[in-house]
Amino acid sequence: MDSILVTGGGELSGQIPIAGAKNACLTLMPATLLSDEPLTLTNAPRLSDIKTMTELLQSLGAEVTSLQDGKVLAMSSHTISNHTADYDIVRKMRASILVLGPMLARDGHAVVSLPGGCAIGARPVDLHLKALEALGAELELKDGYVHAKAPGGLKGGIVDFPLVSVGATENVLMAATLAKGTTVINNAAREPEIVDLADCLRKMGAQIDGDGTSTITVQGVDRLHGATHPVVTDRIELGTYMLAPAICGGEVELLGGRLDLVAAFCEKLDAAGISVEETDKGLKVARRNGRITAVDVVTEPFPGFPTDLQAQMMALLCTANGTSVLEEKIFENRFMHAPELIRMGAQIEVHGGTATVTGVDQLKGAPVMATDLRASVSLILAGLAAEGETVVSRVYHLDRGYEHVVGKLSAVGAKIERIKGQ
Ligand code: EPZ
């Protein structure tokens, strides 16, 4: 297994290009199953999760061709030749559950493995299933698989989510586009990736209103046609790299960065003493003065502070002046980066969903282990500011969500390299 060596110290300066959003691409790709005409995505990120989704769609009979070094995904599913999403693919990536709604809507039946949990939590899919049942789906759980049927097709219905779920909103939104009649989704997720999906579905002929708000209304149509759609900028990659000059000092311009995608995150950066300036190319970020000021963070569904930036923010706050309290309210086990940061000299106390971080003057480089996608990059950020060398192992987690991390950070002056595993 590869690892990444980071040598701390030194300010950063220059530009980092931000890629298309992993979490938008992972829901846009299954949308190809809704139509027998080609769907082409541009600005796609080059990530292992995208390869996994490609594998899954191809196993269902869709054609997926990666062009321009992976930045363009040309897809088409004239027919779905296999309606079963196997456990061996689904267990690698829980977003695989997003093929359920489209297959059900297109052909009236689907068999999808339950995804199983992951490091950050049990991550059930009960809300996906209940939402599809509200559209008339008949579901049976057998041998770890969901057997779904919609004899006579899905019918429009009222979906009331008891809690906000990004994936469940995406699944039922895609299914509703081909359901007979009107669907209303209440307490829908408002993430930019939902709006991006709705934009793409509208290009395919879907009739959707209210995306980006808590209530989405869909008028079902008989069929959807092909389209070409650019994947929205990755707000989590954007926020992650905004923290690099924040933690090291210096000034970095994030190309393609959009303030509206990271508004709540920028409020916290401003309170911590980081300046964010809009430029004609994106966002320029610099540390206003010497030391970061401690701030409290509570993760919430969009437009609140994103859970996917909590680990990275914690790395910044490890060297802040004062004590910060971080509350993780989306996932039950998303502080696994804390013990690794403590190995680097951070002072963090975790009690349930709350982590209290008391800033220290200087972190010390150390060998640390990545435990999940966002924890891995949090350790790299800490390594950039630490004294000495940090070796982050198990970087396959990183490859799921960040393309060319070493190249992007080296380009702005970071001392970072990838070490090939035995
Ligand atoms: C999406 O996951 C993202 N993944 C996650 O990003 C992100 O952290 C999460 O949304 C929250 O923003 C993709 O888009 C591929 P949820 P998702 O359904 O859809 C519970 C990353 O690092 N829940 O909004 O799985 C769930 O356990 C990843 O890029 C149910 O109880 O998240 C969680 O506590 C990590 N039942 C909460 O809801 C369900 O049926 C929010 O989960 C579904 C979810």
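Just so it is clear, glycine is given a Cβ too, placed from its N, Cα and C backbone atoms.
These come from TrEMBL:
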type	residues	note
ACT_SITE	CYS118	active site, proton donor
BINDING	LYS22, ASN23	phosphoenolpyruvate binding site
BINDING	ARG94, ARG123, PRO124, VAL125, ASP126, LEU127, ASP308, ILE330	UDP-N-acetyl-alpha-D-glucosamine binding site
DOMAIN	6-409	domain 'Enolpyruvate transferase'
MOD_RES	CYS118	2-(S-cysteinyl)pyruvic acid O-phosphothioketal
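The Cβ neighbour count for LEU127 (UDP-N-acetyl-alpha-D-glucosamine binding site), using a 10 Å radius and every protein chain shown, is 19. The UDP-N-acetyl-alpha-D-glucosamine-binding residues named in the record, ARG94, ARG123, PRO124, VAL125, ASP126, LEU127, ASP308, ILE330, extend over a maximum Cα to Cα distance of 22 Å. Cα distances from LYS22 (phosphoenolpyruvate binding site) to the binding-site residues ARG123, PRO124, ASP308 are smallest for ASP308. Cβ neighbour count for ASP308 (UDP-N-acetyl-alpha-D-glucosamine binding site): 22 (other Cβ atoms within 10 Å of its Cβ, all protein chains included). Of all the binding-site residues listed (ASN23, ARG94, ARG123, PRO124, VAL125), PRO124 has the fewest other CB atoms within 10 A of its CB. Within 10 Å of the C-beta of ASP126 (UDP-N-acetyl-alpha-D-glucosamine binding site) we count 10 further C-beta atoms, all protein chains included.
Long-range Cβ neighbours of ILE330 (UDP-N-acetyl-alpha-D-glucosamine binding site) (same chain, at least 6 residues apart, Cβ-Cβ under 8 Å): THR299, GLU300, PRO301, THR307.
A separation of roughly 11 Å, to the nearest angstrom, links the Cα atoms of ASP308 (UDP-N-acetyl-alpha-D-glucosamine binding site) and ASN23 (phosphoenolpyruvate binding site). Mean per-residue pLDDT, taken over the domain 'Enolpyruvate transferase' (6-409), amounts to 96. Cβ neighbours within 10 Å of LYS22 (phosphoenolpyruvate binding site), excluding its own Cβ and spanning all shown chains: 26. Cα of VAL125 (UDP-N-acetyl-alpha-D-glucosamine binding site) to Cα of ASN23 (phosphoenolpyruvate binding site): a span of 17 Å.
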